[in-house]
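Q: I'd like to ask you about the structure that follows.
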Amino acid sequence: MTSRMDARFAQLKSEGRSAFVTFVMGGDPDPETSLAIVKALPQAGADIIEIGMPFTDPMADGPSIQAAGLRALKAGMTLRKTLQLVRSFREGDAATPIVLMGYYNPIYIYGVDKFLDDAKSAGVDGLIIVDLPPEEDDELCIPALKAGLNFIRLATPTTDDKRLPAVLANTSGFVYYVSITGITGAAAADSSAVGSAVARIKRHTALPVCVGFGIRTPETARAIAAHADGAVVGTALVDALKASLDAEGRATAKTVNAVADLAAALAQGVRGAQQAAE
């Protein structure tokens, strides 16, 4: 049976376009608003949705996503509730792939086997766990693959040809190329450097390569999508959400649309790469 992820990339390939991949923090600014945002994203043009699992010590994340995680935790978000968020989303959307992104500790505490069973039954398609290197694949990666979940690995500008085969060995779904070194949201992506980096990764794998970190505008999204199988946007969407909150950090009537409207503009940027190529 074809996975949701493979089906989505096959569909995109047949349409001659790159994926628009969105990241939002699960439970930010509260579980109910978060579900409304996730439901709005496919209508805005998101092809794949990454949902952050809030964690108290998010070392790879910049200030925006760290703050989003803290807002979610303050609103009572847990890993169990994140899985429930996916389950609720799946009631109305059976096609859009969902990837959970975060850190190993909450999964370890939840229990790996139980987490994988619950994630699969909730309708999760893949995992990105930023603090588990390939040397620790037996912890979660191999069990996840056996459970039928994609395990998506990060590659960076410092991942050289010697290291790349280890990074790619058990990766499935897609490869997430981090276009800048450092934390999320720190700088703008350089589309010219991305092209050669994606080509280098593709010499080692047939998997789609999606590029993230530093994409904030439709123009940058378009430039990146011209070189990659997907463009990932997170910090810009999280910032749009934050700007819509009231003084106490609570959702307003504008919050869902603030995220969806920016997502729609970015989706147009990604689709513009296809038009430019034709």
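Here the Cβ of each residue, glycine as well, is placed from N, Cα and C on the backbone.
Here Swiss-Prot flags Glu50, Asp61 as active site, proton acceptor, drawing on sequence analysis.
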Q: Under 8 Å Cβ-Cβ from Glu50 (active site, proton acceptor), six or more apart in the same chain: what's there?
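A: Listed in sequence order: Val21, Thr22, Phe23, Val24, Ile98, Val99, Leu100, Met101, Ile128, Val232, Gly234.
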Q: According to DSSP, which kind of secondary structure is Glu50 (active site, proton acceptor) found in, if we only use helix, strand and coil?
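A: Looking at the DSSP assignment, Glu50 (active site, proton acceptor) belongs to a strand.
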